[in-house]
Structures are given as C-alpha cells and as structure tokens.
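Visitor: The structure that follows is given in the form of structure tokens.
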Amino acid sequence: MEGYIFDLDGVLVDTAKHHYEAWKAIARELGLDLTPAHNEALKGIGREDSLKRILEWAGKDCSPEAFQELALRKNAFFLEQVRHIDASELLPGVKEFLEALKAKGKKIALGSASRNARMVLERTGIVSFFDTIVDGTMVSKAKPNPEVFLKAAEGLELPSSVCCVFEDASAGIQAAKSAGMMAIGIGSKEVLPQADRWLTGFVPLPEELFL
C-alpha cells in the first residue's frame with residue numbers, strides 16, 4: 001500500500017464521544033433519548049443526514065429553517081465540548097503509527113464527514129502528517145458513498161488500488177469498498193464484517209500494514 005486514508009472520529013481521535021453528547025442534547029429537545037444503538041447508526045454519517053435520522057426516530061418534522069438551526073446548534077454544542085481539545089485526545093499509538101508511515105515514505109490523507117476535521121487535527125498536533133485533507137465541507141455525498149475517499153486518493157495522486165482506509169463505521173467500510181480500496185476496520189469482525197482486515201487499535205504498532 002502507498003496511500004493511507006484515515007477517518008477521524010473514533011479512529012485517530014477520541015472525539016466520537018463529543019459528537020454523541022452534542023447529538024444527545026439535540027435529541028432531548030426533540031423528545032428522544034438517544035441511545036448508544038442510535039449513535040452506532042450515526043457513525044461515519046454527516047451532520048445533515050444524522051439530523052434527518054434523529055428527526056425520523058423522534059417522529060418529528062420541521063421547516064428547512066428550523067432544520068438548519070438544529071444543525072448549527074449541534075455544531076455549537078460540539079465545538080464547545082472540544083474547545084480545549086489537545087493531543088491527549090489522540091487514541092493510543094496514533095502518532096507513532098503516523099510517524100512510522102512518514103518514515104517509510106507513505107502518503108497520508110484524511111477522509112472524514114466532520115466539517116471540523118482540520119481544526120481537530122491542528123489542536124491535537126498531527127495536521128502536519130497529512131498530505132491531503134478531505135472533510136465534510138468538500139463533499140456532497142455522505143458515506144457510504146465513496147466520494148470522500150475517492151477525493152482523498154485524488155489529492156494523494158494515487159489510484160484507489162494502492163490505497164487503504166482505516167474506518168470504525170459500517171458506512172465508512174462500505175464507502176472504502178465501493179472506492180476499490182482495502183478497508184481496515186478499527187474494531188471487531190463481528191461489528192464490521194465487510195472489512196478486509198481488522199485492528200483493535202494501533203498498539204502494538206501494526207508493522208504488517210506498512211507494506
């Protein structure tokens with residue numbers, strides 16, 4: 001593999017919990033108790049599509065104006081929670097793995113639905129490792145559509161066939177496969193059965209993935 005494409009939340013940084021808390025606050029206003037099972041279904045999905053699902057679960061409808069207001073407030077809740085985010089939010093072994101990839105001359109990209117991805121990378125001190133960053137502001141189709149990963153490969157100037165994707169969400173695994181890339185699931189085979197390979201994390205350093 002020559003190109004290494006990473007999802008952000010739950011793969012590189014421990015921000016998934018902050019998204020969950022922000023969505024729980026919005027869901028409560030809609031009369032919905034957002035459970036971990038609900039949250040699992042939101043993984044890897046953009047803000048607007050996530051809100052559509054929450055409204056559906058809550059049995060609510062709203063005007064386009066109210067919809068945008070809810071989406072903006074969710075983002076405000078999230079930004080407040082990550083205001084003081086730093087390198088301590090990196091998942092174990094992430095920085096060491098990125099350093100090892102760079103030392104071997106590999107290209108690294110981010111492919112995330114998050115519109116705050118660059119800010120999170122900057123505040124956690126790993127933005128310099130990335131040759132290209134594709135976030136939610138740059139795509140029109142959410143995962144499982146492969147657009148985000150295809151754009152990441154384009155930014156790396158590499159064909160899909162030599163790229164692999166690290167994902168913790170089913171929608172992201174589907175997107176990687178649709179893009180013609182190796183899909184590496186961060187999690188178990190039971191949770192992410194469509195992945196090509198599985199890792200529980202980056203400790204110990206997965207040396208075999210440098211090939």
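Cβ atoms are placed via backbone N, Cα and C, with glycine included.
Okay, so TrEMBL annotates it like this:
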BINDING   7-9, W23, 42-47, S50, K74, 112-116, K143  substrate binding site
BINDING   D7, D9, E167, D168  Mg(2+) binding site
ACT_SITE  D7  active site, nucleophile
ACT_SITE  D9  active site, proton donor/acceptor
Visitor: What residue among the binding-site residues D7, D168 has the most other CB atoms lying within 10 A of its CB?
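Guide: Neighbour-count leader: D7.
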Visitor: Measuring Cα to Cα, how far is W23 (substrate binding site) from E167 (Mg(2+) binding site) in Å?
Guide: 21
Visitor: Hey, how far is R115 (substrate binding site) from D168 (Mg(2+) binding site), Cα to Cα, in Å?
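Guide: Distance between the two Cα atoms comes out at 18 Å.
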Visitor: Can you list the residues of the same chain, besides D7, D9, E167, D168, whose Cβ falls within 8 Å of the Mg(2+) site's Cβ centroid?
Guide: F6, L8, G10, V11, A16, K43, G44, S112, F166, A169, G172, I186
Visitor: Checking the binding-site residues D7, G44, R47, S112, which are within 10 Å of D168 (Mg(2+) binding site) at the Cα level?
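Guide: Hits: D7, G44.
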Visitor: List the Cα distance (Å, whole number) between S112 (substrate binding site) and D9 (Mg(2+) binding site).
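Guide: About 8 Å separate the Cα atoms of these two residues.
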Visitor: I'd like the number of other C-beta atoms within 10 A of the C-beta of R115 (substrate binding site), please.
Guide: 15
Visitor: Given a separation of at least six residues and a C-beta threshold under 8 Å, show me what packs close to R47 (substrate binding site) in the same chain.
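Guide: Within the chain, R47 (substrate binding site) has Cβ neighbours under 8 Å at A71, K74, N75, A113, R115, G136.
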Visitor: For R47 (substrate binding site), which DSSP three-state class applies?
Guide: helix
